[in-house]
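Before any comments, here is the structure.
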Amino acid sequence: MKSIVAFAFLAVVISAVSSELHCTVKRPNIPNDWIDMVRPCVEEMKKQIQKEINASMKYLAMGAHFSRDTVNRPGFAKYFFEAASEEREHAIKLIKYLLMRGELVSGVSKLIKTSFDALPTTHWNNAVAALEDALKTEAEVTKSIRNVISVCEEPNDNSRFNDYHLSDYLTGEFLEEQYKGQRDIAGKISNSRNLWATMVNLENSCSIKNCCKQCKIKYSRPQFV
Amino acid sequence: MKMNSSTLFVVCLLGIIANVNAKECRATIQDACRPYINKQSNPLLESTCNARYGAIGHLEPDLVKYATSHLVKSFEYLLMSTHFGNYDMNREGFEKLFRGYSDSKWADTIELIKHITKRGGKMNFSPISTSADNYELYEIESLAKALDMEKSSMNDAYLIHERAIRKIDSSHDPEISHYIEEEFVEKEAGTIRELTGYITELSQMLAESEDNGLALHFFDDYLKGL
Ligand SMILES: [Fe+2]
């Protein structure tokens, strides 16, 4: 208590003397022996962050497209908006990883572009076309993550530094999700196509009245609302 | 008489043109359902069978711009947060604060896109060019930048609102003015007041001491505990 009073007193005295703010602190010299990531690997990781953001933008555009009044696929819109948020989370996870390894002390301002290029596509003919585009995008991301792992295991800078921890992290956290995600999208494409085929068959073979029950079952799948 | 009939003719012609331009949905549907009429490829495309009404045509570009600015700000806040997360800065409170702002701007981007499409509009993903900025800021500087960003966002909201409540130049749209008030203006006022409070507090703390390391540490700890 005494010390707090003394501190407050001191503070009042000092503030009376100087009115200018001392806004920054001197950073202590911290040993950097523990920072062991090598440049080629860090650069690949940084590129991957932007790739995740780009994927996020693509899914955001898909979400926007399927939300439109004259397109009207709210189930798909919700699915793609969530996918966009997930891709953003991936970028943040990669950032967090680099911070944990002592990286990103400088050059953060250029880590993510705040200017965007035009998106290659903002219109998809139907949900299957968008899912196929998404599956292609995911396959590219998977390939890109595999490339990060390979650069970080055998960087071409004579360091011979094999980044075991990073390759384990990318394999366990990222590749795992990529393969599961790709399987999920492929399944959705299959479902959508089957649904379409079923509808055509129904129209050809029986009256709506008879098939109503079947239609309801097919339509009730939540992702195709 | 001659004059009258030609006027009538012009009026009729204008009426037909107006009808073609803004055909009511039901009439479009009736035409589409008539079996032997010469049909366009998709008659619904140019009809009023959509969710557009009021002044969406006038306000759509502003809403798209507003959504885009939210998107850009969400990335700017993410970079500001990242800077405070490095081991050298090590300000977990600031990192958390700006991450929160980034998340909120991201969520609002999606909400705005949904609302634009709710009104029959289309989100436009045209290229965005922003001037390169520095996001590696010191503590109080980052709060000051955030305050500027939020005030500019509030200004955008006020401009849309102002257009939406004006009955002249056909931009009157109560649904949009209400939406902006309810979803943005109220929240933004809170954020602006919150940031101003932080700046007041921290600048007092910084003025009171030559050794501000302690002040910054305490303030960061305070933000972390929020
Ligand atoms: Fe991803």
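Backbone N, Cα and C define each Cβ position, glycine as well.
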From the candidates A:E52, A:E153, A:E154, give the one listed by TrEMBL for the same Fe cation site as A:E87, A:H90, A:E138, A:Q178.
A:E52
I need the neighbours of the Fe cation site defined by A:E52, A:E87, A:H90, A:E138, A:Q178. Which other residues of that chain put their C-beta within 8 angstroms of the C-beta centroid, in sequence order?
A:K51, A:A55, A:E86, A:V141, A:F174, A:E177, A:G181
Anything from the binding-site residues A:E52, A:E138, A:Q178 with its Cβ under 6 A from ligand 1? List those in sequence order.
A:E52
Coarse DSSP state, helix versus strand versus coil, of A:E52 (Fe cation binding site):
helix
